[in-house]
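Engineer: Pulled from TrEMBL, these are the listed features:
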DOMAIN    6-120  domain 'Tetrahydrofolate dehydrogenase/cyclohydrolase catalytic'
DOMAIN    139-286  domain 'Tetrahydrofolate dehydrogenase/cyclohydrolase NAD(P)-binding'
BINDING   Gly165, Arg166, Ser167  NADP(+) binding site
Amino acid sequence: MSARILDGNALSADVRARLAEQVSQIKLRGITPCLAVILVGDNPASAVYVRNKVAGCEKAGMRSLRFDYPADVAPQVVLDKIAELNADDSVHGILVQLPLPPQFDEKAVLEAISVDKDVDGFHAENVGRLSQGQRAFFPCTPHGVMKLLEAGHVDVSGADAVVIGRSNIVGKPMAMLLTQAGATVTVCHSRTRDLASHTRRADILVVAIGRPMFVTGDMIKPGAAVIDVGMNRIPAGMPNEGKLCGDVDFASAKDVAGAITPVPGGVGPMTITMLLSNTLESAERQAERQEGRA
Ligand SMILES: Nc1nc(=O)c2c([nH]1)NC[C@@H]1CN(c3ccc(C(=O)N[C@@H](CCC(=O)O)C(=O)O)cc3)C=[N+]21
C-alpha cells in the first residue's frame, strides 16, 4: 500500500484563491493588505524564499515591500527600518527573513516588530498568547501543517502525535497547536533516547530536524500521517545531488505511512500561504480597529 499524498501545492492553490477573494473584499473598504519583507545578506536560499513570498503577495492582490541590506549592515539600520514600518498604517505585516548574520541579536530584532504586525508569529508576546489559547498570529509552518492535516481528514483529537525537533519556529509551536487540537504530544530532539520507540507509536509524526532522509519506513507506525518539514539539499556525491529533499526518506516511508507530505510540494508552499493569510488577518484587524473608532 502506498500512502495518500498530502499535497501542499494543491491545498495552497485552494486557500490562496479564497484569500484573493477576501483581499478584493477588503480593498472595497479602502485597505490593501501589505507585507514588508526585510532580507539581510545574500544567502541564495533566503533570496528564493523571499522572492516566493513577494510573488505570493502580488498574486493574491496584496501589496509587498522589500528591503535588502548587505550582510555587514549595522543592526541599528534594520531596527530603525522596523520602527518606521511599525508606525506606517499602510503596512500590515513585517517579516525579517531568518537567519540573520552574526552581528545581529535575532531575538532583539523579532521583539522590535510590533505584535500587531508580527505575521511570522515569532514575537514572544504572540508565542505567549498562542500558549494560552488567546487570539494570536500562529507561526506559518506549524499553522500550515494543521491545515494539511485538516484537509487530509487526519483525526488530531485523541491522536498520539510525535514532533521531532524543538525549535522556536517549528517544533515548539507545532506541539502547542497539536495539543490545543486534542492530540497527546511528545516532543523528541537530539537528546532523546531510543527515538524509534517514540516515532513507532505516533499516529501523527512531524519531522523538523534538518537532517536529510533521517526518518525511514521502519521508524513509522503503519497508517500514520507523516509530515516532513525538512528542506535539505541532497549532499554532493549522492544520487540526485543538489536537489531538495526532506528529513524523511520518502521512498521507504510511503509504503508504511497512511498519509505523507512530499518535499518539495508539501509543507513549504503552505508556509507561504499561511504568511499571506496572517497578513490579510492583520489588515482585517486594523480595519476593525479603524471602523470601531469611526
Ligand atoms: N522570518 C522567517 N520566516 C519564515 O517563514 C522563514 C524564514 N524566516 N527563514 C527561512 C524559512 C524557510 N521557509 C520556507 C518557505 C517556503 C518554502 C517553499 O515554498 N518550499 C518549496 C520549494 C522551494 C524551492 O524549490 O526551493 C516546496 O517545499 O515545495 C520553503 C521554506 C520560510 N522560512
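Cβ from N, Cα, C; glycine included.
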Engineer: So which other residues, same chain and not among Gly165, Arg166, Ser167, have a Cβ within 8 Å of the centroid of the Cβ atoms at the NADP(+) site?
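Structural biologist: These residues sit around the NADP(+) site: Val163, Ile164, Asn168, Val170, Gly171, Lys172, Val187, His189, Ala208, Ile209.
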Engineer: Starting from the Cβ of Ser167 (NADP(+) binding site), draw a 10 Å sphere and report how many other Cβ atoms land inside it.
Structural biologist: 16
Engineer: Least buried of the binding-site residues Gly165, Arg166, going by other Cβ atoms within 10 Å?
Structural biologist: Arg166
Engineer: Could you put numbers on the helix, strand and coil content of the domain 'Tetrahydrofolate dehydrogenase/cyclohydrolase NAD(P)-binding' (139-286), residue by residue per DSSP?
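Structural biologist: Split by secondary structure, the domain 'Tetrahydrofolate dehydrogenase/cyclohydrolase NAD(P)-binding' (139-286) comes out as 54 helix, 26 strand, 68 coil.
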